[in-house]
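> According to Swiss-Prot, the protein has these features:
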BINDING   Gln85, Gly103, Glu104, Gly105, Lys106, Thr107, Asp493  ATP binding site
BINDING   Cys832, Cys834, Cys843, His844  Zn(2+) binding site
Amino acid sequence: MANILRKIIENDKGEIKKLEKTAKKVESYADAMAALSDEELQAKTEEFKQRYQNGESLDQLLPEAFAVVREGAKRVLGLFPYRVQIMGGIVLHHGDVAEMRTGEGKTLTATMPVYLNAISGEGVHVITVNEYLSERDATEMGELYSWLGLSVGINLSSKSPAEKREAYNCDITYSTSSEVGFDYLRDNMVVRKENMVQRPLNFALVDEVDSVLIDEARTPLIVSGPVSSETNQLYHRADAFVKTLTEDDYAIDIPTKTIGLNDSGIDKAEEFFNLENLYDIDNVALTHYIDNALRANYIMLRDIDYVVSPEQEILIVDQFTGRTMEGRRFSDGLHQAIEAKEGVPVQEETKTSASITYQNMFRMYKKLSGMTGTGKTEEDEFREIYNMRVIPIPTNRPIQRIDHDDLLYSTLDAKFRAVVQDVKRRYEKGQPVLIGTVAVETSDLISKMLVDAGIPHEVLNAKNHEKEAHIIMNAGQRGAVTIATNMAGRGTDIKLGEGVLELGGLCVIGTERHESRRIDNQLRGRSGRQGDPGESQFYLSLEDELMRRFGSDRIKHVLERLNADDEDIVIKSRMLTRQVESAQKRVEGNNYDTRKQVLQYDDVMREQREIIYAERYDVITAERDLEPEIKAMIKRTINRTVDGHSRNDQEEALKGILNFARQALVPEDAISLEDLKEVGEVTKRSVNYDAIKVYLTELADNVYDRQIKKLRSEEAIREFQKVLILMVVDNKWTDHIDALDQLRNAVGMRGYAQNNPIVEYQSESFKMFQDMIGAIEYDVTRTMMKAQIHEQSREHVNERVSTTATGNIQAHQADANGQEIDFSKVGRNDFCPCGSGKKFKNCHGRKQF
């Protein structure tokens, strides 16, 4: 262990030497930059951009660019970065974590790498923990960037998409982590490219990086919405509709457990829901409810697939064990459809449209870096998850803060009384005190005790960031007493007031140890900034959460031996501090394992999400006709369906293929069982399924071509194709996210059966993803073939041209150009030239044949 520590320390020393060497190069430009006029210094930005375009790397530009920022900061802000700040800036440019103590000027440090990386023109995101800090830093540092010729944007949650787009198009964008994440998710839900707000993610510099990438790592960003009461009503309406159907209105394929409406069922649906065409693009969601209602009523069997509990809940029956599966629900809306069928309450659902964890969000940046005062304890996690090293930057002046050993009491009451006595003693001599708590309840309790003791004070609970920043700024004034939860006021320095140095500086009192050493170090770091004197003292009790969970019996026995009756007895020793830190390390290890497991699950979704989002982006940005892609989907759907049925009994297989063709490809009377037998050269022993695939593909191609002809322009065709694909993809993807959530909950229990839940999740989610792709292609096929396509005429705004793939317009014996049609050379199995979509023998050739 000692060897490992020695190696880490030596590595850090070696890294510091390299940083100092580069920092000296930056400093060597100081006189040259100081000699430049304002105009000459400002012109350097354009010069750097040109040199970058001509092939110089950012690393090569670094010494001179950093020197320009230093000189600019001196002229605009009245601040001149120290060498240690230059070193911190170099670490940030290299994509690592710079650990810089509180008060060492992290905000100014960031200006150098931000400026350098903005030169590329690809955008820099400066990420803060709240919007107040985003606005503050963008305003303060924005003066410098603007003076140097760079644009600065602030991305706030209250801004409109147009304002957000403008902010993201700036050279430098200030934002919170959550807002960048939500904008990314929303960008991947739009239908048109012009509605996207972000550019490709280039370089992110994260302030308080441990808070964002470690503490928030398990928190997923979710774009969702409660399913409205109207949606729940749709389950009931769809259920009421399918219960009116007869066996002639739908076709069931028993082996594959699929079901769909035939022509008479479609007609009834259009009448029931008052629609012109069920398979219009606008009705994609409705067809989903109808499909689920059909499955619920005619495929899912009560007491076999599910049971209704005495509490009126639908419980899934495990097909292998026969046991009910508590807590599991059928995905894709099927569970709600069964609830509607059985007349039990339809449980409200929240539909997740998109989600991502901070871990995977920030790993998408080309380069990621961060600043914090406390990152070394999480070095392994930064390296393993984000491929970032943690480099401790030396302080500009030696730290003079005195960190006292912990004080341990037997009860919470005794501990808090001791805290109040200590605060009172320091208040009376004028020394400012900052009391750190881990919970709002503790803050309120101590506040009440201080009121009773007659000690005026301020309370911060991390609710109003702007107000609290002003309070925390004054926490170093003579006689100030401030209570703060650990995160309250973070990002704002506490500067000492007049006469406070002589009183010992700011005293930080911790009312209990946090489960993370890093959070304790953050609290300590509020005191002793830039070489100022200060003190820190932690008060503990055996009733604290950490001590109850991990406190050793040895500590308890020592207290008992000292005086079991005196609760005010106190232990103060190095042994106690070591025991507490040992407990913290165990908790940190557990938390890291949990975050790592979250990432393993999310990595599976990440791979799938990237595929879907990339395909989606390709569709949105396509300037081409998407016919090849759609026809490929149709062909794969045909091949997949025919292959699936070919494994069944011959008669069943042909009927299944016929039902599919009628439901998804062509009008019902455009194909018959005899046609399939004829094309498939059916004998008692064989069927030529490949020939059937070719035949169905030709039929589908003809229907597709007729559908597209109903659109008048290339622009209209592309718009229709894009909307069709995106609506189906988004619908299926949101269902898939829900299904993955349910799968994750389910596989967690398999660990008890000696199965690796992660491996099970990876395997099953891959199969589900393949199924989703198949479902997307099927829905695109069906909607394309069956949609009633409208286009508003530009010349006659009020005239609406409406045609349908099922040929429900009156057919005249003339083509679209008014020319008479010659039927004499049309074969019986050819499509009728009138454009109805039916075979000639079933349309204008009916009398003849």
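Heads up, the Cβ atoms here are built off N, Cα and C, so glycines get one too.
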> Any idea which of the binding-site residues Gln85, Thr107 has the thinnest Cβ neighbourhood at 10 Å?
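Checked Gln85, Thr107; of these binding-site residues, fewest Cβ neighbours within 10 Å: Thr107.
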> Starting from the Cβ centroid of Gln85, Gly103, Glu104, Gly105, Lys106, Thr107, Asp493, which together make up the recorded ATP site, report each further residue of the same chain whose Cβ lies within 8 Å of that point, ordered by sequence.
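Near the ATP site, beyond Gln85, Gly103, Glu104, Gly105, Lys106, Thr107, Asp493, sit Met100, Thr102, Leu108, Thr109.
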> Below 8 Å Cβ to Cβ and six or more residues apart, same chain only. Which residues does that give for Asp493 (ATP binding site)?
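Those within reach of Asp493 (ATP binding site), by Cβ under 8 Å and sequence separation of 6 or more, are Thr102, Gly103, Met473, Arg529.
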> When neighbour density is defined as the number of other C-beta atoms within 10 angstroms of a residue's C-beta, which of the binding-site residues Gly103, Glu104 has the lowest density?
Gly103
> Count the other Cβ atoms sitting within 10 Å of the Cβ of Gly105 (ATP binding site), across every protein chain shown.
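Gly105 (ATP binding site): 19 neighbouring Cβ atoms within 10 Å.
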